[in-house]
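J.: What TrEMBL records for this protein is below:
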- 33-57: transmembrane segment (TRANSMEM)
- 36-433: domain 'Ammonium transporter AmtB-like' (DOMAIN)
- 64-84: transmembrane segment (TRANSMEM)
- 118-141: transmembrane segment (TRANSMEM)
- 153-173: transmembrane segment (TRANSMEM)
- 193-210: transmembrane segment (TRANSMEM)
- 222-242: transmembrane segment (TRANSMEM)
- 254-275: transmembrane segment (TRANSMEM)
- 282-301: transmembrane segment (TRANSMEM)
- 307-326: transmembrane segment (TRANSMEM)
- 347-367: transmembrane segment (TRANSMEM)
- 387-409: transmembrane segment (TRANSMEM)
- 459-480: region 'Disordered' (REGION)
- 459-474: compositional bias 'Polar residues' (COMPBIAS)
Amino acid sequence: MATAPVYDPAMPNGGDSLVVDVNAQYAGLEYHYTYLVFCGFIVWLIIPGIGLLYGGLARRKSSLALLFQSLMVCGVVTFQWMFWGYSLAYSRTGNAFIGDLANFGLKNVMSAPSPGSAVIPEIVFCLYQMLFCACTVQLVIGGSFERGRILPSLVFSFCWATIVYCPIANWTWNANGWLYNLPSLDFAGGGPVHIASGWSALAYAFVLGKRKHTGEPSHGKPHNTTLIFLGTVLIWFGWFGFNGGSALNGSIRAMLAAFNTNTAASFGVLGWTLVDYIRTRGKFSVVGACCGAIAGLVGITPAAGYVSVWIAALIGFLTAVVCASVQDLNKWLHIDEGMDVFKLHGIGGMCGSFFTGIFAQSWVSALDGSSQYPGGIDGNGVQVGKQFAEITAISAYSFTVSCILLYALKYIPGMHLRVTEEGEMMGLDIDQFFDEQIGDWSMYENNLGSTVHGIKGTGATTSSAHSVHQSTEIPMTKEA
């Protein structure tokens with residue numbers, strides 16, 4: 001059996017490729033990083049998957065903006081990660097709360113054994129973790145839907161990744177991090193990805209304020225169930241890489257994590273559908289089934305490499321039931337977070353972290369040949385308290401810092417977060433884009449035509465914008 005290479009501080013980049021064969025240190029271990037880079041490729045599919053899901057959940061007049069943001073967020077986060085994000089999260093010389101700039105600009109990030117696993121070259125590890133960050137930021141942006149301006153949302157994305165995601169990732173997954181050493185158990189991102197994005201999306205919606213409701217029948221209703229279904233399928237598929245790769249090796253533990261991913265999503269569908277069936281007295285919902293799958297995926301994320309298959313089924317089912325049971329959460333909180341990021345990812349992530357503390361099994365984590373992490377079921381009841389420490393710390397930090405960041409941006413000239421009332425009534429796609437629509441132009445050209453140009457050119461009143469909006473809502477509602 002090949003021996004894993006050892007990181008050499010004298011050659012932090014893994015060696016000079018002009019002098020030595022940097023691949024030789026991984027001889028016999030290539031399958032580990034080949035598997036992980038494939039997982040990274042399919043994790044990328046989650047990014048457009050979220051865009052399609054959000055685009056279907058939004059009304060048609062604001063759907064294009066969410067597809068656009070999925071690609072723009074990928075671009076912004078890639079720059080942020082290469083610039084200093086990776087170093088702030090994973091540098092070896094950071095402290096318990098945040099990394100330093102030892103890897104600024106990806107300095108020395110190449111062929112050396114990675115901080116996460118000695119059998120993975122650091123450049124592969126960097127790519128894989130960058131995609132986690134991009135997915136998380138895309139979830140957060142859901143808090144701005146139908147009323148948030150795109151340019152400030154992209155500035156916020158860069159800043160949020162820097163001062164919220166990177167520190168929390170450092171706490172959780174960096175060997176110097178305080179949660180890592182507590183330890184809290186988080187296999188694939190229940191805290192940094194789901195809890196953080198859920199609370200931050202709630203903060204975004206809170207700072208923006210509620211959408212204007214002018215009585216149109218499509219308010220609060222998804223416009224395209226097909227897009228929702230396609231987005232969910234891509235997210236589900238990408239999650240095999242999200243959880244399956246988080247062992248950072250090609251061990252049996254990684255294979256079990258992939259199996260648990262599908263199991264929890266499937267039982268999540270069953271759980272949410274059951275709640276819907278009882279609530280509606282015998283009716284079904286495609287959107288509900290898709291939400292159930294995502295709730296199951298969220299719930300199993302922190303637990304995927306710690307629990308057996310039937311416990312994964314239980315976690316997926318219970319998480320979906322809990323999330324489906326708080327259907328009126330936005331009304332209780334008086335916050336218009338219409339994409340349900342907090343309900344699915346915030347509450348689902350907290351449930352998953354809590355269940356991990358209860359159900360983690362030592363024999364499961366030992367499937368990678370080196371780890372043993374018992375939970376309450378193995379007699380380590382204190383682990384539940386450690387999971388609560390993770391939940392409360394990440395929830396408080398992500399919500400508070402996100403609010404501060406958004407309020408700061410709000411008062412910077414040119415960075416006002418919300419579109420005008422006219423723009424909101426017409427929809428983000430008309431207000432923020434030129435000459436593009438989510439569907440067939442023929443549904444719009446007769447209704448909008450010169451009227452829209454007149455509004456933009458003359459600064460028409462709210463009532464005139466409202467009349468245009470009403471004329472476009474009718475065909476959209478019929479099509480939906």
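Glycine residues also receive a Cβ, built from the backbone N, Cα and C atoms like all the rest.
Just so you know, TrEMBL annotations are computer predictions that nobody has curated.
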J.: Please tell me whether the transmembrane segment (282-301) and the transmembrane segment (222-242) touch - that is, whether there are at least 3 C-beta pairs under 8 Å between them, with each pair 6 or more apart in sequence.
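T.: Counting Cβ pairs under 8 Å (6 or more apart in sequence), the transmembrane segment (282-301) reaches the transmembrane segment (222-242), since there are 3 or more.
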J.: Which one, 193-210, 222-242, 254-275, has the most C-beta pairs under 8 Å toward the transmembrane segment (33-57)?
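T.: Result: 222-242.
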J.: So, taking each listed stretch (193-210, 222-242, 254-275) in turn and counting its Cβ pairs to the transmembrane segment (387-409) that are under 8 angstroms, which one gives the highest count?
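T.: Ranking 193-210, 222-242, 254-275 by Cβ pairs under 8 Å to the transmembrane segment (387-409) puts 193-210 first.
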J.: Other than its close neighbours in sequence, what residues sit by the transmembrane segment (254-275), given a CB gap under 8 Å and a spacing of at least six beyond its ends?
T.: 35, 187-188, 236, 239-240, 242-247, 284-285, 288-289, 291-297, 299-300, 303-305, 307-309, 312-321, 323-325, 364, 367-368
